[in-house]
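According to TrEMBL, the protein carries these features:
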TRANSMEM  7-28  transmembrane segment
TRANSMEM  91-109  transmembrane segment
TRANSMEM  121-141  transmembrane segment
TRANSMEM  174-191  transmembrane segment
BINDING   SER177, ASN209  Na(+) binding site
TRANSMEM  203-226  transmembrane segment
Amino acid sequence: IGISSAVVSFNVALYYNTIIAWCLFYFVQSFQSQLPWAECPKVYFPNGSYAAEPECVEADEQVIPQVSSPTQYFWYRTTLLISEDINTPEVFNWKIAIALVIAWILVYMCMIKGIASSGKVVYVTATFPYIVLIIFFFRGITLKGAADGLRHLFTPSWHTILDPVVWLEAGTQIFFSLGLAFGGLIAFSSYNPVNNNCYRDAVMVSLTNCFTSMFAGIVVFSIIGFKATMVYEKCLSTRNTTIAESLGSDFDEGRLPLEGTVLNVSNADGSISSFVMPLLPACDLEKELD
């Protein structure tokens, strides 16, 4: 059992240390005056000229939506250096490799002296995430579209209630969040007093874990709602501008609708429906939230 717990803990560490490496990479990149994921990068040519990155630009600035957003481009092309196939990597991602080594070193330094060192580290690792979550919470709920994200979070999909895959994923998440059967908590619990109330501790940990999961979900989905709303309104703006341009001189700019609404062309020429409408991007807020 002990060897199995050690193997499981090592495999979990492989997973979570990779996430820590990504966080370290983003942390270093965030010190730039212009955040690299704030806008699409530029491709520079030998003659000194430059052009927008083809994968991260609107082909016609209005008609065709972006191939990828700046954040998506930074994640896949800059952070992961993703290739077409996992078996054929294009280049060695040395930046993430260095971040991964640093992550393992940090974990080693936290655990090198056993309970003597990890007991002190836990004061930071247990409190700092809550401080960050509280800051993100107040920022997230004030963003435009946060209500849509929270509505999406708390609206159940009843048709999936009998899906065994859903319950499997939920159970897997509980095992991960509580650290059940990983061996680490069992080792730490051996330092408790003999008369320690383990039942009370188990209830407190379970309730705290449930509250933290819900609180973190609210924070995440408020930001997802904001992102989805921005993409949705930009899509509507693209549609409205395209329709207005197709009307040409017959269109009065004063008829442009408010942001986030759809242009009414019910009285326009029938060619709008026949030729222009099929070319317009599909704007769906629920799809963006998914």
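Placement of Cβ uses the backbone N, Cα and C atoms for every residue, glycine included.
Computed from a predicted structure; not experimentally measured.
On its own chain, ASN209 (Na(+) binding site) has SER177, LEU178 as residues at least 6 apart in sequence with a Cβ closer than 8 Å to its own Cβ. Counting Cβ pairs under 8 Å to the transmembrane segment (7-28), the top-ranked stretch among 121-141, 174-191, 203-226 is 174-191. Only residues 6 or more beyond the boundaries of the transmembrane segment (203-226), in the same chain, are considered here, and those with a CB under 8 A from a CB of the stretch are 130, 133, 136-137, 140-141, 143-153, 177-178, 289.
Counting same-chain residues at least six beyond the ends of the transmembrane segment (121-141), those with a Cβ under 8 angstroms from any Cβ of the stretch are 110, 150, 212, 215-216, 218-219, 222-223, 226.
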